Structure formats: structure tokens, C-alpha cells
Amino acid sequence: MSCTDTISSYAFRSIGLGERRLPTTDITVCDQVTLIGSGMLWNIYFGILAIIFGFFAAQAVALAKASPNKAVRKPAEWFIFLFRGSPLFIQFFFGYFLFLSLKRAFPVFDSFTDAWLGAAIVLWLNTTAYSAEIFFGALMAVPKGDLESADAYGFSGFPRFRRIVWPTMLRLAWPAYTNEAIFIFHSTTLVFFSGFPALQQKGDALYYASYFADKTFNPFIPYPILAGYFVLVTLCIITVFGLIGKRLNRHLPQAKRRSKRPRLMAQMFR
Amino acid sequence: MLLADRCPIFSYCADPDTLEGLTWLSCYMTTGKHLAFYTSFGTVLLLLAITAPLALSFGFFAAMGSRAHLPPVRWLANLYMAVVRGVPDIAFFLFFVIALDQGFEWMRHQVLCPDWDQPIRQGNDFIVCQAAKLPQNSAPELVHQIYGFGLAVLTFAIVFGAFAGNVLAGAFKAVPHGQIETAEAYGMTHRQAFWRIMVPQMWTYALPGLSNLWMVLIKATPLLFLLGVEDVVYWAKELGGTKTARFTDYPHGDWRMWYFAGLLIFYLLFTKLSEVVLSRITRRLSHGQATAAGEALRKAGAGA
């Protein structure tokens, strides 16, 4: 089978299109590159979903944590502690079995045990907690002078938040938030190793990489391919977030802009 | 690890079918398999106890290497830190377990079977001579387990060593330059200035990063499961699954959710405890340091 054939039959294997049988003998580098790349679709799907929904939820939780009202603040603090204090791996397992139990009781939860929904929810809540902590820190770091100026100009209530506090908070949080986006993207590799089944071998990039490592008993080809894909996507995230960050900082003098840049290699476990 | 299902601890557990409520639970929670489950928490702690110092020393060497005068040493240290930190960590775990295993077997193969003429990689197989196999097929089960655990420890140390190396390298850079200049003014050699001035002062700058790393290390321990060690996750899955009366004296439904809720609470308590202890250590180490925290402590002490 030539490489173009391989690409046409396996490029969308991870979402169930094309050839069903995975290669078992005579595995070529082309097979590995194509299938691992196909699995990346899942990582990108989970990553984008978690980042988009997490961005909004995190700001709500951060504001709740900054609230003077105890009834609002405490739940936010507990939520952040729960998701930041425990491993994401265990959260995935717990989430999966929780959904499984719910599914037995209520048929509404039928699709929650599938990775596309269940794992996405766990990832979303997880990134919400981590990002909320980042946004909370930024909220606390909004310069006093900015707030005093806002008062002097007669801003109050929501307009004060919308026009003064919120843009500054985003600006301050952006470098750390970029790292968070990279983290959560790397965390998506855990999904299919933690309870959520890869139905009909429709898995993510790491799923296929470990499949090939098991089949060929040679880890030195699939994992570097996987690493290459991840470096590529990380660079994309840095570019996109860098552009947004530039826009957030556009009113500042040039010299100040350059100081805080997100680092390429900052990711860690959850 | 095959352990009897029957409970050896309480005498009233002899006939579980007649038990109810709390007595049933006390018998259920002390079956042999549950005792193995509790031991696996010890495995987690053991992993942390071995890995943390090992990773720290890997990191220390990497940080020292990144400051070396010899360019190849510097490149090597920076490459190690950059590569390990640039790749998704979970992939690194899965990669290292196989790669280290094959690496060890390959080295033993070179030493033990010098007159072997076939290639080691044949198609989809990795073939070394029988004598080079690790662990030997004839070895007892315990040796296999220890070997697997050892591989896991080494993998953790390599990955976290790179992170620690990065933290320590930053800490070395953060020590004020005046300190080294003063040491040189006092006639210390480069080596003396490094060990007597840099290293003791570096820790206070490294501690926030290392505390964070410790938290991350705790939260990475369930990944032992992916490396094939019978750890807390393995047992939680095993024990929580539906049990029918045919195979056990304690039949129950699918309780995996509750077992994982237990693990969740274990990790929450563990990270909370670490946070409290680490903040105390940070306070202690700030004493007498030329930092804002040290200054605050000094002022508080002077006022009292």
C-alpha cells in the first residue's frame, strides 16, 4: 500500500471514517504518521472545547472567589480546591464511573459515558478551576491606581468592571493563561487511558502511538512522531494567544510589552 | 498477588452471608484484597520517597551542568531539560518504560552474548539472548514486581529531574551577583564560592518552584497505573467492579465510583497537608535571607 493510499484510508480513522482494520503487520512510518495525526483530531477537539468553555466559566468562578459574600465565595474556593488538589487522572476515572452510575439510574445520561461528552466535561471543569485561579490572581493584581482613576472618572458597577477591571485582568492573566491552554491541551492525552473507552479503536494521538509501540515493540518511532505533532500544535497555540495578547496590550508603550512572554516548555501534569 | 478472600482479622467474619450493616462492612474492608489495596497506598508513598530525592539530584546535576564552563556539558544538560519538558509528559512515561527496559536488555546482551550474530530488531520483534532478559523468566513474581517498580521510579526521576533542573537553574541565576563578587573578594575559589555561597542561598529561591513540583509529583503518582504497577488505581478498579456471589463471599454492585471518590479524597488531603508543611518550610528558609520575605520576618522579629 502506497503512502497516499494509507493517508486516504486512515486520515480520519479516529472519527470512524475510512478503513476499519488497523495495520497489524508491516507497519510503515507512513502508517504511524497518518494514524497518530488522525488521533490528533481528538486532542484538538478536546483542547478547543475545554479552552473555549473554560475561558468563560473560569472568569465567573474567579469573580465568585473575589466576592465579599461568603455564600458565593466559599463554593468557588471549594471548587478550585477540589479540581486543583487532586490528579486529573483520578478525576477522569471518578467522572467516568459517576456518569456510568447516573446512566443506570437516568437514561438522560446515556452519552455521558462516551469520551466526546464525558471527558470533555471533566476537562472543562478541570481547566476552569486552574484558569479561575489564574484570573483570580490577576484580579487581585489590578493596579490600585487604575481603580482610583475609574472612580475619579465616575465609573461604577458593571461599566467599571467592563471598561477598567476586566481588560486589565485579562491583560495581566494572559501569559499564564496561555500556559494553561498548553497544559490542558497536553492533558487531553489522558482521556483514553482513564476509563473512557476508545470505541472501535477510535482513539487520540497517544492511543495510536502506544498501539504502535505495543505492536512494533519499538517506542523510538511513534513517540517522537507524537512529540512532533504536539510541538506543532503548541506553536499554533502560542501564535494565536500571542496575537490576542498583543491586542490586549496595544495601548501600552512598546518597551513594556516584551517583558512577559509565554514559554514554550512549561507544561506539567495535572 | 493472590490473597485469600476470607478475612483473617475478625473471628465473626467466618460466615459473611449472615452478616449485616457495620459488621458486614468491617469484614468486607479487611479482606485480603483490601489489605493489598491499603498496601498500595504505601507503594505510592514509597515511590514519592524514592523519586523526590532522586529527581532532585538529577535536577541538581542538570542545573550544575547548565552552568558548566565546558560547552558540550552545558549543551547536554540544556538538551536534557528542553527535550523532556517539551514533550507531553504522559507520552514520555509510556516511552521511557519500554525504552529503558530495552536499553537495559540491549546493554546486558552486548556484555553477556558477544557472539550473537542475529540482528536485535527483526521486523516487529525485539530479540535478545535468553541470558540478557530482564528479569529472568525463572525469577520469582516479586522480582518482576520490583523490576517494574524500579523502572517506574527511574522514569519518574528522569522526567521530574528535568523539571527540577529547570527550577534549580533559575534559582542559581536568582542569587544576587554581589554575593559571588563578595566571595571572590574574600579569596574563595570558584568551587568554594559555588558550594559555600551559591548552594546554600539558592534554596530559598528554588523553594516556590520545588513546592509546586512536589504537588505536581503527588498528582502524577496515579500514572503508576499506566506503567503497569499494581497501585491504588489498579486496586480501586479491581475491588470496585461488580462482584457476584459465585466468586466472592462479599457480592456487591458496581462500586468503582465510591472507590475513586475515596482516592480523590486521599489526594485532596495529601496535597492539603503538603501545602501546610511547605508553607512552614518556606517561612523557615526565609530567615535571614536578602529577600522581601526575609525582610518581613526580620521586621516582625524586631517589633516583637
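Cβ from N, Cα, C; glycine included.
Annotated features, as they stand in TrEMBL:
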- A:40-244: domain 'ABC transmembrane type-1' (DOMAIN)
- A:44-66: transmembrane segment (TRANSMEM)
- A:78-99: transmembrane segment (TRANSMEM)
- A:119-142: transmembrane segment (TRANSMEM)
- A:181-200: transmembrane segment (TRANSMEM)
- A:220-244: transmembrane segment (TRANSMEM)
> So which of A:44-66, A:119-142, A:181-200, A:220-244 has the most C-beta pairs under 8 Å when paired with the transmembrane segment (A:78-99)?
Replying inline: A:119-142
> What same-chain residues lie close to the transmembrane segment (A:220-244): Cβ under 8 Å, and 6 or more beyond its ends?
Replying inline: 29, 32-33, 36-37, 40, 43-44, 47, 174, 177-178, 181-182, 185-186, 205-206, 208-210, 212-213, 261-262, 264
>> Are there residues at least six beyond either end of the transmembrane segment (A:44-66) with Cβ under 8 Å to its Cβ atoms? List them, or say none.
In response: 72-73, 75-77, 79-80, 116, 119-120, 123-124, 126-136, 139-140, 181, 184-185, 188, 191, 204, 233
